Amino acid sequence: MNVEPLTDTSMKASIPAVVVIEMRASKGDAFKSNVINNLTNATMLCSTSIHWHGLFQSGSAWADGPVGVTQCPIAPYHSFLCKFSVPDQAGTFWYHSHYSTQYCDGLCGVLIVRDLHYPHASLYDVDTDDTVITLTDWYHLVLPEARMQRPPPTVDATLINSHGWSYNNGTNSPLAVISVDHLMTIIENEGTNVDLLEVDSIQIYASQCYSFVLNANQPVDNYWICAQPNPSRGHLGFLNSVNSAILRYKGATDTDPISQETNMSMNPLAETNLHPLTNPKAPGTPEIGAADVNLNLAITFDCEKCHFSVNGAIWTTPPTPVLLQILSGARSAKELLPSGSVYMLPANSVIELSIPARDATKANETSIGSPVSGTNL
């Protein structure tokens, strides 16, 4: 995996940071990925790391990627060899930089782990690179610059497969075109197979991944894919085809759809309607507060100071990654970070985590629970 800058960023209608690749593997495979850092754009962060989002990393925490926790950042012109396996996971995941705000400038990609015995495989005919859709918040500012603004800027548009519509000196950049041979039937979420659930829109929060079956049963034509940012976070609407892409049937003309772009939804996804296909048989008593350890995590973002806190504790990057210090045996994890940064959990116990919405009456604070996009097909 080479982490490299794009060669053409003149249009600013695609993420300007890096070229990303889609990674595919099968359940039970062993990964060996050499992350080579060739970043040189001084307006953005040039050191980096890669986090394999959603993979358990049992026995390979050193390859997980969070800077300051498991490793140092990878300096430009250096590399880091990640080796890990996925013995019992399959589904749609993603990888991204885990160094400060760098992934918001585009260092991220798709990671798909196939199950050769996938229980829903009979429901679809096509599963290729062309049927992958990614949604990204696009800021016209690079994040190191955006972080200096108070309050932080809102999202300028949603990019679909790293492309979108932008006017720059009277020119435009082409829309992303999703080529496939409009209701959606959700079949998997975050590596968990689910009971079939039919919806007409999916509200996707930061880092979430869904697999769904799209039944191409409409007349051969072009159709809009609309992905509008949350109203509190970004530019709304579809004027000049912003927040849009094209679903193009094989045999359709190479033109824009004639239908009206809309974010109207009659049957949106409610996450409470998602149920695992196989009962995970969670341990403990299914009652609130009945776990061995009950933790409440109040996560807030201070717009003026531009930092997050969990129960009032602010993350401070240590001089040496926590994992390396723990392995040295000299000090415990709790001694290495500011008070409130580490929660010690007993082994073989049931843990209940509660993450409440913010108190809207508190000034200069916002929760991290606002969604990336509400998506319609």
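Cβ from N, Cα, C; glycine included.
What TrEMBL says about a protein is an automatic prediction, not a curated fact.
TrEMBL annotations:
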DOMAIN    22-115  domain 'Plastocyanin-like'
DOMAIN    178-252  domain 'Plastocyanin-like'
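Residue counts of the domain 'Plastocyanin-like' (22-115) by helix, strand and coil are 7 helix, 39 strand, 48 coil (DSSP-based). Here the domain 'Plastocyanin-like' (178-252) is broken down by DSSP into helix, strand and coil counts: 3 helix, 41 strand, 31 coil. Note on the domain 'Plastocyanin-like' (178-252): its mean pLDDT in the predicted model is 83.
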